[in-house]
Structures are given as C-alpha cells and as structure tokens.
Amino acid sequence: MVLKKVWIIPLLTVIFSLSAFIFSYIIAVSKEHVTAFWPYISDSGTLAPESCIFGQFLNLAALFFAISVYLRHRQLIEFHWHHLKQRAGNWRNYSTIFLWFGYFTAFGISLIGNFQEINFIMVHYIGAVLAFGCGLIYTWGQTIFSYRMQPRFAEVIVSHCRLFLSCLSTIFFTTMGIFGTVLGEFPENWLTSKQIYKWTPESPHYVEHIIATCSEWLLAICFEFYLLTFAFELRNANCHAPKLKLNLDHLYQSYQFNSSSIDKSKLTSNECQPNCNMNGNPTVLADCKHLIESNSLITI
C-alpha cells in the first residue's frame, strides 16, 4: 500500500489544532466562561462542554503532529542517503535529537488538552512548556536543516519562510513568558478556586495579561504556518506501508507438537502425519504450517 498524498498529514495537524482553538473559543465565549478579549488558548478549553472538544481535537493534532515529525525525519534521511551519499554522520544524530524534540512537543500538546488548568495546573504547565519550548527548538532545528538541503531538496523561499516564522516564534515565546508568568500574575486566591479568572480592564496587570495572551495565540499560529511548509514540501512525496518481517522458522521450531499441547488427532491428518517431528527440515515446516495457523500463533 502506498500513501501518495503524504502532505495531508501535516495539513490534518493544522486543521485539528485550529479546530480545537476556534470551536472551543466560540463555545466558551457563548457560554460566558471566558471573556471575548482575549483569553489564553487553554482557558477556552477548560470547562465543559468546550473542554471535551478541545481535548479531542488536540489529541488528534498531537497524533498527526508526531507522524509529521517522523515523516520529516525520514525526508532528511532520504536526502542524505540518496543525494549526498552519507549514510552516517553528525546529521543523523542531530536529526534524531530534533525528532525527539518533536515527539516531546506532541506529548505536550496532548497534556494541554487532557489536563485542564483548574484540575491539574502543574501538569498543564508542563505540557505547555513541552509544547511551546520543545516546539520552538524543533522549528529552529528544521530551519537549519532546510538551509542545508537547499537548493537540491528545499526551495529557498521555504527556508526563508521557516527562518522568519522561527524568529517570530522566538519573540512571541519570550513576550508570553515575560508578560504572562512574571508580570501578568493571577490573583493569589485564584489557584484555590475551580473557576476561570475573568480578566477585566480594571484587573491588576491587565495590560501585561493581554500582551501574554496575544503572544500565545500568535505563537500557536506561527507553529501552524510552519507545519504548512511541511505540507508544501511533501507534496511530491509518497509513503509505503511499513513491512513486518516474521521469523517463521523460529516460530515453527519453537512450537512443540506433543500430546500435552495438541490434540493427537491433528497429528494423524494426511498432510502432517509423516513430518511433524519438527526437526528443522523446511519440508516439515511447510507441511505443519497449517497447524500453527489453526492454533492462532501467527496470521500470514
């Protein structure tokens, strides 16, 4: 089986992510769970029913993002193996490191969706650090690889776009951290409540809070645009289904045909009566193959 439209994987990541952001925001505002201008992304997915939609879409986004990260890793391997004729080197180590940063990002996205801030705030924050922090490192790593791969495998405009988005993401990540966690602090009694704190212009640190929330939204949007560059670059790629190789000889030989494990009536059948001593002969293995299949050891 061949998947010819590989580009749809990162595109689905973007679709599910934006669906989580937009739908949960609309529902949260309509039910007056958050203020219309301008909550954190996760604030819109904290209370039910929007939390259900938020978590489900983010889980799907995390799954397809992890697949996109792996496809990007395989793309780098194909480039170095077949175009540069380099089967080993530091590039492989760096690509593997960034691969794991991508996986940590996907795991953080899942934590954000599944652990709401009013229930497990520390786990939620860990997920945010993984999603945004590891995601930022991942974007810079892939940007460096993009410039390394041009012009034979990466277009110059794509590399420039990734560099621009990485710079913007760094700025928004910094402003979100400074104005959100340092300057725009929540009231002290908020952590003990089970409600979302609704910011108003009269709230202390309101300006800092707005800068932080807008930075978070812009950071997330930059990440989504960055993923779209993967979809653009994979438009001419295809993916083959993974192959599963089974050591049938080992399975056949390890299967003991004796009176305690198999009904002796099977051993007296016309197909296997002469050759079921399992002595390693290929003919014996072929003749007794149907016995192993009938006992559900393996499906061929």
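Glycine residues also receive a Cβ, built from the backbone N, Cα and C atoms like all the rest.
The domain 'CWH43-like N-terminal' annotation in TrEMBL covers 6-236.
Annotation comment: TrEMBL describes 7-27 (among others) as transmembrane segment. A Cβ distance under 8 Å defines the sequence-distant neighbours of the transmembrane segment (7-27), meaning residues of its chain 6+ beyond its ends; these are 34, 39, 41, 44-45, 49-51, 53-54, 56-58, 60-61, 64-65, 67-68, 71, 109, 113, 217, 220, 224, 227-228, 230-232, 234-235, 237.
Per TrEMBL, transmembrane segment is recorded for 47-71 (among others). Sequence-distant contacts of the transmembrane segment (47-71), counting only residues of its own chain at least 6 positions beyond either end whose CB sits under 8 Å from a CB of the stretch, comprise 6, 9-10, 12-13, 16-17, 19-20, 23-25, 27-28, 31, 33, 99, 102-103, 105-107, 109-110, 112-114, 116, 118, 138, 196, 227, 230, 234, 237, 239.
The transmembrane segment annotation in TrEMBL covers 91-112 (among others).
The transmembrane segment annotation in TrEMBL covers 118-140 (among others). If you look at the transmembrane segment (118-140), the same-chain residues 6 or more away from its ends with a CB under 8 A from one of its CBs are 42, 46-47, 69, 98, 101-102, 104-105, 107-112, 162, 165-166, 169-170, 173, 176, 191, 193-196, 219, 223, 226.
Within the same chain, residues 132-133, 135-136, 139-140, 142-143, 146-147, 197, 205, 208-209, 211-213, 215-216, 218-219, 222-223, 225-226, 229 sit at least 6 positions outside the transmembrane segment (161-186) and bring their C-beta atoms closer than 8 Å to a C-beta of that stretch. The transmembrane segment annotation in TrEMBL covers 161-186 (among others).
As annotated by TrEMBL, transmembrane segment applies to 206-228 (among others). For the transmembrane segment (206-228), same-chain residues at least 6 beyond its ends with a Cβ under 8 Å from one of its own Cβ atoms are 10-11, 13-14, 17-18, 21, 37-41, 65, 68, 132, 135, 139, 161-162, 165-166, 168-169, 172-173, 175-176, 179-181, 183-184, 199-200.
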Mean predicted confidence [pLDDT] for the domain 'CWH43-like N-terminal' (6-236): 89
